[in-house]
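Below is one structure, written out as structure tokens; the observations come after it.
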Amino acid sequence: DGCGHTVLGPESGTLASINYPQTSPNSTVCEWEIRVKPGQRVQLKFGDFDIDDSDSCHSSYLRVHNGIGPTRTEIGKYCGFGFQMDGLITSQSNEVTVQFMSGMHTSGRGFLAAYSTTDKPDLITCLDNASHFSEPEFNKYCPAGCVIPFADISGTIPHGYRDSSSLCMAGVHAGVVSNTLGGQINVVISKGIPYYEGSLANNVTSKVGPLSTSLFTFKTSGCYGTLGMESGVISDSQITASSVLEWSDQTGQVNTWKPENARLKRRGPPWAAFDSDEHQWLQIDLNKEKRITGIITTGSTLAEYYYYVSAYRILYSDDGQKWTAYREPGIDRDKVFQGNTELYQEVRNNFIPPIIARFFRINPLKWHQKIAMKVELLGCQFSIGRAPKIAMLPPPPPQNNDNRNDDLSDDFIHSVKTSLQTDKTTFTPEIKNTTVTPSVTKDVALAAVLVPVLVMVFTTLILILVCAWHWRNRRKKTEGTYDLPYWDRAGWWKGMKQFLPTKSAEHEETPVRYSSSDISRLRPREVPAMLQTESAEYAQPLVGGIVGTLHQRSTFKPEEGKEASYADLDPYNSPVQEVYHAYAEPLPITGPEYATPIIMDMSSHPSTPLGAPPISTFKAAGNQAPPLGGTYSKLLSRTDSTSSAQALYDTPKGQPGPGAADELVYQVPQSVAHSAGSKDE
């Protein structure tokens, strides 16, 4: 009467004292007899050991024996509170007896242990969790029987399980190991998440869990995809049932809950059986053999119809006639799967080992009110490989596919497919090979090398071109003190005019223009070689006070539509010889039209009478010409072909007259009173 949780599998198992992890009762005893395959030995590992040792293991203890029965021999006798047993206890044969005795005591949880064959050195117990291991990835062997009521797990696949969860119990929930058989798990540790979902799978309930520093998942074969119920890959004609529920509602409308309604996550009613008994079934034809690794079920999903199946069997067939009930290896009874506990929740069950079949049936055994359900199958494709060729014969032509040679090893499918005949197996027709051939593999490897190299070369060329373009632009910006950037050399004045006040029509003055043809008739000139070169399109004004006002921009503007002429430049003794345009753009009425006038004293001119006032080389603001004092200055008359207007030119100081050999550097026309009526183009 001292036996607690116990699962004894053919290769591994779990055993615990009664009432574990609470205090074990007084005066109880339990004895376990463990057998494995002949030729193997048994190893025992304790997950927890807490037995009263107040009387030196006299009345309360755990004793391990080699063998079973009267001929058994003792391996060891153990007791103690919080006893830590390092390593494993190994038998000398394939049989072991474990005896637990509980005498009079006031405390002590008892024990929990796991066993397996000695060919599994990485055995762990059901109490181990991910926080017990520091490796980011590791393999361990879980014993059978790790679905225990006193262990908790949080999370689900594929998101992962909280690090405080029992590794083996989570493995059963995930469907990677069987609770009846145990098995190997491949664990991967990663960063935790804020919230862990709960779910019901393989008779294990996962609870909702809070944030943790880390989580773990399992590496699997990857054969857990959906087979087409929800997506529609499985057509309606492939889904049949033993009966269909039909009924009329209050409005007289007939409702039929047909088999094709049994698609998981589809809106609307489910499939429901007309009769509610253990002879009903839902059948799915997969059209060909597939590897089926699991099933997900729900109830009706309609709140007004609280129907669901709480337990069922699984049957499978190759031809749809002869059916086999699913059983776990080593178990001589049909496995009953836990179904739903309410109508909405999705419940998953996995098949270990997987089912390989074409036809699949669900046989409800227990239900709530009526048999109604929606399902999805999990698994992957399954193809039978060809046996090795015995004779070197040419392959038969396609038209002779009916003549088939049959040969397959009799151990190809073990314990799951019982309907395959090993002495006569039909070869499938020739199927296009989807595997990459070696030559293609070489091309792929070559492309994998060349593509990155080409990308790097083209990227380098693009960067070189961009840098050259950028360097060229910076060089143009720094060509001269008075040069403007290339993007600012055309039409910048038009952009500035929209920010300047508009002049009224009566104050608008037509600018004076000169043609090179008329200038050539005045007199021959010797233009210095440096003036023959092309000058900057906009020259900076001489007077520095205007530069700040116009934000480092000149008021001189070339003629639109024509190239400005520099032929009528005269030499002038100036320390810096620069080239400027022949005229200036009128400024708005609110300010001076031209830059600040340069006053030239003409009193020292040889041809000027004494007392003559100085004369400006720039025109005053407004339409009124500035008054002229004294007799006169030497004037140079010029006439355009389309106008008879006259213009005055100042004569430079120190020169005898307009016929001098040197040319003027500054030649700005002045309007006189008697020529105001004429217009220059």
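Quick reminder: no glycine exception, Cβ is built from N, Cα and C everywhere.
Nobody curates TrEMBL annotations by hand; they come from automatic prediction.
Each of Cys3, Cys57 is a candidate, yet TrEMBL gives the disulfide link of Cys30 to Cys3. Looking up the ranges 495-522, 607-634, 635-662 in TrEMBL, the one annotated as region 'Disordered' turns out to be 635-662.
Of all the Cβ atoms in the protein chains shown, 15 others lie within 10 Å of the Cβ of Cys3 (disulfide bond).
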